[in-house]
Amino acid sequence: MQTYGNPDVTYGWWVGNSVVTNRAGRFIGSHVGHTGIICFATGASCLWELSRFDSSVPMGHQSSIYLSHLASLGIGFDEAGVWTGAGVATIAIFHLIFSMVYGGAGLAHSLFFDPDLNEGPIGRVDKFKLEWDNPNNLTFILGHHLIFLGVANIWFVEWARVHGIYDPALGEVRTIFPGYGDFGMVWGHQFDFIKIDSLEDVMSGHAFLAFLQISGGAFHIATRQIGEYTKFKGDGLLSAEAVLSWSLAGLFLMGVVAAFWAASNTTVYPTEWYGEPLEFKFGISPYWADTGDTSDCKYFFGHTSRAALVNVQYYFAFFCLQGHLWHALRALGFDFRRIAKAIGGLTESTSS
């Protein structure tokens, strides 16, 4: 974190990042604990939505964001192809169980394991020690992150190929065989990917991402800093604050893209599960508005699940952008206390 040259800076209890900034073991503990919170929220929310589900009202007009995602993945259908919520409770309970496992692992890493990863029962554990100004260390850790993301993409593609996902064009769950190596499709959808209307193209894109991420991960793990570590390459800038700002920038980008995609694409976000496509409007601030009849929407203040999902993602992305700018400027050395002092000076001169 930025200290502005003060080696003895202290942080308030609310600055949680300060506890894990230079403690790789605790950093892992916080990540695993956060995963546990996400798992618990997912399982609990899924059970809550299932308990309130009314089959006489379209799913997209209920408070059913989690059920909508499961239905899109082809989960919850009976043998006749009708969505009944079959197996959804089991998935939710598994999430609750795993949330306890993740929570216990997070506490173990925080309380019992080496907080700095200087030593451990597994060899080479010190390679994952956090050295924020060491490009070799950061690129090594980045490589592993990319490989895990690539594996997740493969898992999704194989799920669609083996189990199948919901195809709104047919109104049923079907298996999707991606075009492995179809780079022409990816190139052709660079600027109109939001309008994709083929699940084969969607899965091909994920297969391409898996290839790209795993290749990039292997490259980052195998390579080291090339040439002299100059200011152009990040010397003096590379820090925990800078990495945090880049992470927030990534969340901003993904949030905005997801918002625009979910608002208009009915292939990946079917109307049956999320409600009608949205319209982008301007008021006090930009927002997404429903375009269909919402008289039967009892939740989300009378809006569809699509409207709730998109607007929350859109505004979370906006605040991630503000966080990115804040931490990026701090990483560059800008002291925001100067603004408060300048305002205080103007106030004093005005009053005098």
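Heads up, the Cβ atoms here are built off N, Cα and C, so glycines get one too.
Residues annotated as transmembrane segment in Swiss-Prot, with sequence analysis given as evidence: 27-47 (among others).
Away from its own ends, the transmembrane segment (88-108) comes close to residues 29-37, 39-40, 42-44, 46-47, 50, 67, 70, 75-76 of its chain (Cβ-Cβ under 8 Å, at least six residues beyond either end). If you look up Swiss-Prot, you'll see 88-108 (among others) marked as transmembrane segment, on the strength of sequence analysis.
For 140-160 (among others), the entry in Swiss-Prot reads transmembrane segment, with the evidence type sequence analysis. Proximity of distant same-chain residues to the transmembrane segment (140-160), defined by a Cβ-Cβ separation under 8 Å and at least 6 residues beyond the stretch ends, is recorded for 73, 127-128, 175-176, 178, 199, 203, 206-207, 209-214, 216-222.
Under 8 Å from some Cβ of the transmembrane segment (202-222) lie the Cβ atoms of residues 139-140, 142-151, 153-154, 156-157, 160-161, 176-180, 182-183, 185-186, 189, 193, 196, 267-268, all in the same chain and six or more residues away from its ends. Marked as transmembrane segment by Swiss-Prot: 202-222 (among others).
Residues 17, 132, 138, 193-194, 234, 268-269, 274, 288, 306, 309-311, 313-314, 316-318, 320-321, 323-328, 330-331 of the same chain sit 6 or more residues outside the transmembrane segment (242-262) yet have a Cβ under 8 Å from a Cβ within it. Residues annotated as transmembrane segment in Swiss-Prot: 242-262 (among others).
For the transmembrane segment (309-329), the list of distant contacts is 65, 241-242, 244-246, 248-249, 251-256, 258-259, 262-263, 274, 278, 286-288, 336: same-chain residues at least six beyond its ends, Cβ to Cβ under 8 Å. Taken from Swiss-Prot, the feature transmembrane segment covers 309-329 (among others), and the record attributes it to sequence analysis.
Sequence-remote contacts of a segment are chain residues at least 6 beyond its ends whose Cβ falls under 8 Å from one of its Cβ atoms, and for the transmembrane segment (27-47) they are 16, 19-21, 65-67, 70, 88-89, 91-96, 98-103, 105-110, 113, 117, 128, 130.
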